[in-house]
Amino acid sequence: MKKTIYITTPIYYPSGDLHLGHIYSTNIAWVLRNYKKIQGYETFFSTGSDEHGQKIFNKAQELKLETQDYVDRQANKFIDFWKKANIDYDFFARTTNKEHKEVVREIFHKLKEKNIIYLDKYVGLYSVSDEEFLTETQALKKDNKFFHPVSNHELIKIEEESYFFNLNLFIDWIKEFLDQDIISSKAIVNELKSNFINKGLENLSVTRIKLDWGIKIDQSSKHVIYVWLDALFQYLTNLGYGSKNQSLYEKFWKNGDERVHVVGKEITRFHCIYWPIFLKSLNVKMPTKIISHGWIVTPEGKMSKSKGNVVDPVVLIEKYGSEVLKYFLIAKLSIKKDGVFSEELLVSAYNNDLVNTFSNLISRTVKMILNNYDRPLSFILSKDQEDLEIEKDIKNSFETFCSFAEEYEFDKAFESTINLGKKLNLYIDKTRPWLLTKEDQKLEIVLNRLLNGIYAMAFELSIVMPQTSQKLAKALGFESFEKSKLEDFKKFDNIKIEKIENLFNRIKL
């Protein structure tokens with residue numbers, strides 16, 4: 001039986017258009033899904049739209065739209081965006097779905113019956129923009145006003161009746177959870193302990209009475225379930241949890257091998273403290289990994305409209321193509337820290353990696369084959385040191401790639417792919433096949449190894465550039481690149497190489 005993996009992105013807030021940070025998160029999850037697929041896993045990948053909250057209601061009012069019409073429109077825009085980005089998924093979550101709302105309501109009442117959720121009064125600070133309650137100790141104070149510590153949005157003081165989730169019932173358990181190797185970043189774990197656990201965990205307000213758009217706890221109640229108890233449970237309702245047909249939930253969560261959430265560092269508190277506690281309260285299995293990544297910044301710092309440095313991903317896709325953008329975001333940015341983006345860096349990475357290294361290797365190899373042979377090139381054993389070394393590099397390449405990918409270090413994984421290309425180009429320089437003739441067996445030995453090296457690189461690149469890799473596979477005489485053929489150096493023995501159209505053209509800024 002195949003192993004399974006369930007991979008999720010956060011569901012994005014539809015009060016505005018998707019930006020570069022959204023495609024960054026989703027691309028990490030999508031690449032991980034593609035990688036796991038070629039490793040033989042059965043995968044389920046979800047993204048979506050977080051459609052409740054006061055901010056959504058206000059935005060719809062501002063546009064003179066019914067709130068449901070507004071979120072329908074935004075969800076369609078999100079779906080169109082992922083099509084443009086050529087990012088496919090198995091499920092698009094919408095928290096306004098009837099099934100999701102029913103299950104969340106049931107969960108609320110189940111936890112209320114268990115006295116994990118209780119009624120009290122909330123007095124404190126609230127950010128409408130971030131849909132988040134904060135204490136005065138968590139907020140930034142300036143000129144007698146309070147501001148959100150991450151977004152800098154001004155906080156309002158509110159006092160209202162609210163239902164609370166008793167987080168403190170789970171304080172000892174969550175400390176143990178944070179010490180497990182589930183959260184990808186140790187720095188984030190230390191930050192969560194320092195800022196929240198060690199200061200004492202405040203019980204969480206999970207309903208509001210002055211909220212115009214959300215899930216009512218029942219038809220007659222003034223209480224509306226507040227964002228995180230609603231939004232986080234879509235990770236389960238996507239799979240049919242709590243519904244009549246729970247087969248996907250059974251397969252990918254309850255009995256699944258891997259359950260992976262990809263999240264930006266700004267929402268780790270909700271995913272690494274609240275979400276595990278919510279699951280524990282229902283005796284549901286934990287995620288096996290929560291991948292927390294940094295932000296995308298520009299050379300001038302964080303993107304903001306006031307700085308005029310906000311990058312529109314749609315413009316980038318139209319200008320460079322979705323695969324070039326996705327390659328840069330996964331191959332040149334580390335999930336462990338904030339990543340710097342600029343068009344200059346994108347173009348430089350593309351030209352250096354894909355044009356100078358990979359495309360140049362293909363064109364040098366194919367040109368020498370076409371100049372010398374009108375037949376397939378067979379794999380011939382060689383005892384020459386340079387041939388044995390390059391064979392070893394090619395055979396070890398995917399193993400090296402996997403050693404990084406298993407740690408979610410895709411930047412290092414793809415760096416190892418490009419390094420193989422550099423070694424193959426150096427192999428050409430060392431063996432100088434242009435001085436050999438077709439009567440010389442050494443020429444066939446070299447060119448066959450170069451073809452096998454190109455195959456290995458293209459196979460790895462197919463994880464982030466499937467369309468371009470597919471074109472190259474066809475040009476080389478294969479239906480697709482396959483893991484099972486990586487170490488079979490005789491795969492080109494019956495393939496006559498034809499002229500290959502250039503797949504990577506140099507970009508000038």
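Even glycines carry a Cβ here, placed using N, Cα and C.
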- Among 12-22, 485-495, 496-506, Swiss-Prot marks as motif ''HIGH' region' the stretch 12-22
- Pick from 72-76, 157-161, 217-221, 302-306: which range does Swiss-Prot record as motif ''KMSKS' region'? 302-306
- Per the Cβ filter (under 8 Å) with a sequence gap of at least 6 from its ends, the motif ''HIGH' region' (12-22) is approached by 47-51, 53, 55-56, 59, 70-71, 74-75, 77-78, 81, 131, 264, 295-296, 303, 310-313, 316, 341
- Please spell out the DSSP helix, strand and coil residue counts for the motif ''HIGH' region' (12-22). 3 helix, 1 strand, 7 coil
